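Taken straight from Swiss-Prot:
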{"type": "ACT_SITE", "residues": "Y218", "note": "active site, proton donor"}
{"type": "ACT_SITE", "residues": "K222", "note": "active site, lowers pKa of active site Tyr"}
{"type": "BINDING", "residues": "V63, D117, N144, Y218, K222, V251, S253", "note": "NADP(+) binding site"}
{"type": "TRANSMEM", "residues": "17-37", "note": "transmembrane segment"}
Amino acid sequence: MLRLIDSISDNCTVKTALYGALLLGVYKLTTFALSLVSLVLDLWVLPPVNFAKYGAKKGKWAVITGASDGIGKEYATQLAAKGLNVVLVSRTESKLVALAEEIESKYKVSTKVLAFDVSLDAESSYEDLAATIADLPVTVLVNNVGQSHSIPVPFLETDEKELRNIITINNTATLKITQVVAPKIVHTVASEKKKTRGLILTMGSFGGLLPTPYLATYSGSKAFLQSWSNALSGELQPQGVDVELVISYLVTSAMSKIRRSSASIPNPKAFVKSVLRNVGRRVGAQERFGTTTPYWAHAFMHFGIVNSVGVYSKIANSLNLGMHKSIRSRALKKAARQKKD
């Protein structure tokens with residue numbers, strides 16, 4: 001290759017440009033290869049993360065929001081299975097009580113429940129949360145509660161209440177809950193002289209990774225969480241607290257309205273298992289600090305997009321637009337049929 005460059009031109013400037021292009025190409029190829037190797041190691045070679053470092057089986061507590069169903073319920077169940085006591089936070093108290101009884105019976109850990117409708121953003125609810133965890137050695141917080149649009153919708157047609165709820169639930173409540181719980185985590189870690197670490201997981205989305213037309217408010221709310229979580233990670237890591245944004249594509253859940261799992265769409269159990277296995281590892285989010293895309297199919301999708309068209313490209317935006325316009329069209333037709341019936 002060097003001989004070829006020398007033979008192309010005797011002009012020093014041209015040679016310098018060609019050598020520079022060659023070095024840049026080698027650098028890009030090397031970083032791509034190393035990132036791909038790291039992704040594979042994270043997924044299939046490195047052992048699962050040992051939650052003893054977060055206080056599992058040592059009397060420590062995890063707080064999980066949106067804990068009564070789906071992904072949140074799986075976080076609660078799987079963290080309890082690892083030996084963490086759990087504080088279950090969600091809107092419906094009856095579901096929380098039933099889950100708490102199931103967890104205590106099956107995993108022999110302690111539980112607390114708190115009925116908390118985050119869409120109301122009531123100060124009394126945050127005070128109740130603070131009171132619930134006041135005497136608990138909390139080491140883990142899972143910010144799982146979230147809301148999307150009922151169906152894809154142009155921003156200019158978005159219902160004001162839906163817009164407000166998305167921002168309140170995904171952003172305001174997440175930040176305020178973290179302000180309540182994170183100081184307890186920092187205190188617990190400090191009291192043990194950092195022999196136990198803290199962990200804050202916040203649910204992100206491909207909607208935040210890729211600007212998504214027809215889900216503009218939801219997409220923006222999740223993109224906000226990316227920057228906020230990364231900034232918080234920088235602040236709390238020196239204090240012994242790991243902060244990660246968890247990126248996912250679709251998972252079978254009430255919010256996604258998908259009932260049947262597939263290779264690219266896991267059920268909550270498989271998804272949460274991948275999250276907890278890979279805490280502290282980027283997996284598909286190789287280009288991002290304090291971020292993980294842990295489920296294998298989502299990881300390769302994330303890695304592929306970043307290393308091909310790019311997350312902010314016109315191509316990615318147009319593909320997303322077409323997909324969500326189609327989803328909206330089908331949803332409206334289905335609603336029209338149901339109305340006739």
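Using the three backbone atoms N, Cα and C, a Cβ is placed for every residue, glycine included.
Since the structure is predicted, the reported quantities are computational estimates derived from the model, not experimental observations.
Whole-number maximum of the Cα to Cα distances across the NADP(+)-binding residues V63, D117, N144, Y218, K222, V251, S253: 24 angstrom.
Scoring each of the binding-site residues (V63, V251) by how many neighbouring Cβ atoms lie within 10 Å, the top position goes to V63. All protein chains considered, the CB of N144 (NADP(+) binding site) has 24 other CB atoms within 10 Å.
Non-local neighbourhood of the residue listed as 'active site, lowers pKa of active site Tyr': N170, G204, S205, G207, G208, L209, each in the same chain, at least six residues away, with C-beta under 8 Å from its C-beta. Y218 (active site, proton donor) is 19 Å away from D117 (NADP(+) binding site) when you measure Cα to Cα. Most other Cβ atoms within 10 A: among the binding-site residues D117, S253, that distinction falls to S253. According to DSSP, the residue listed as 'active site, lowers pKa of active site Tyr' is assigned to a helical segment. Rounded to a whole value, the Cα-Cα separation of Y218 (active site, proton donor) and V251 (NADP(+) binding site) is 16 Å.
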